[in-house]
Amino acid sequence: MTVYPQLPQVAVFDTSFHQSLPEHAYRYAVPEHLYRDHGVRRYGFHGTSHRYVSHRAAEIAGLSIGDSSWLSAHLGNGCSTCAIVDGQSRDTSMGLTPLEGLAMGTRSGDIDPNLHSHLASTLGWSLEEITRVLNSESGLKGLSGLSNDMRALEQAREQGHPGATLAIEVFCYRLAKSLAAMSCALPQLDGLIFTGGIGENSPLIRSKTVAHLKLFDLAIDKEANARCIRGIAGPIHKYGHTRILVVPTNEERQIALDTLALLN
Ligand SMILES: Nc1ncnc2c1ncn2[C@@H]1O[C@H](COP(=O)(O)OP(=O)(O)O)[C@@H](O)[C@H]1O
Ligand SMILES: CC(=O)OP(=O)(O)O
Ligand SMILES: [Mg+2]
């Protein structure tokens, strides 16, 4: 800014895609003044990615983004789900902070909100220590006692490691539960999207997650699921069933497109 004072600076916020959430989706059931005076509400994150992959999914499916409904699962180190209707975010699993929602690499995701007071009173932990453990020592890492890296956990699971096996089971069940919850925001389901390092590369996680969604018309094509890794996009559902798409995300491109739109 000092060197190029004339150069326009553009900030693209990961929360902005979720500004279309209806109030019943973004408000917490806490006293109103906490929202009014202190901004305590659900904001959501990974908006750049959910937006990008839902547009790509519509293109791949030959549907209009303005007239289609999607469930999106962004599974990187941070993980979140999103319900997208006619190109707008209608609900998402992260909240005031990225800690809410799914079990992630090192984040616990949803826990009993009383866990803080339980840990403080039984172990004497400070707020800082509890925050650190829930954000940095939990999730896949905490459950497995091994790693936050899904590749390492899949390998360890193959060799019968109980912690890795459990971490993967919890991750997929919690993800399926979140997707089922997100479906409340959709008028119909045109497709389920997997993205992020895990979503783009793990046939195991995709098939285990879909297996939990028994009441949805979802079925995975084994060969297509195995093929869609390392940047290969495409459908992985069985013919005649609801679409399931692997869509590599490209947050950098979406940021560039948003910047271009603003500058024009
Ligand atoms: N082949 C793979 N199989 C399973 N998981 C993978 C594979 N490749 C990458 N991942 C996982 O993707 C996650 C990282 O995702 P990524 O989107 O790169 O993260 P970030 O949120 O930091 O951008 C890690 O858990 C990593 O183990
Ligand atoms: C918001 C968030 O979780 O980001 P990341 O996926 O980079 O952890
Ligand atoms: Mg990422």
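Every residue, even glycine, has its Cβ placed from backbone N, Cα and C.
For Asp14 (active site, proton donor/acceptor), applying a Cβ distance below 8 Å and a minimum sequence separation of six or more within one chain yields Phe45, His46, Gly47, Thr48. If you look up TrEMBL, you'll see Asp14 marked as active site, proton donor/acceptor.
Cβ neighbour count for Gly76 (ATP binding site) (all protein chains, 10 Å cutoff from its Cβ): 19. Under the DSSP three-state reduction, Gly76 (ATP binding site) is assigned to coil, being neither helix nor strand. Look at TrEMBL and you will find His74, Leu75, Gly76, Asn77, Gly78, Asp149, Met150, Arg151, Gly197, Ile198, Gly199, Glu200, Asn201 tagged as ATP binding site.
Annotation source TrEMBL lists Mg(2+) binding site at Glu251. The DSSP secondary structure for Glu251 (Mg(2+) binding site) is helix.
Secondary structure from DSSP puts His46 (site 'Transition state stabilizer') in coil. The annotation site 'Transition state stabilizer' is assigned in TrEMBL to His46 (among others).
Sequence annotations record features per position, and here TrEMBL assigns site 'Transition state stabilizer' to Arg107 (among others). Classification of Arg107 (site 'Transition state stabilizer') by DSSP places it in coil, neither helical nor stranded.
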Between Arg107 (site 'Transition state stabilizer') and Gly76 (ATP binding site): CA-CA distance (Å): 12
Integer Å distance between the CA atoms belonging to Glu251 (Mg(2+) binding site) and Asn201 (ATP binding site): 17
Alpha-carbon distance [Arg107 (site 'Transition state stabilizer'); His74 (ATP binding site)] in Å: 15
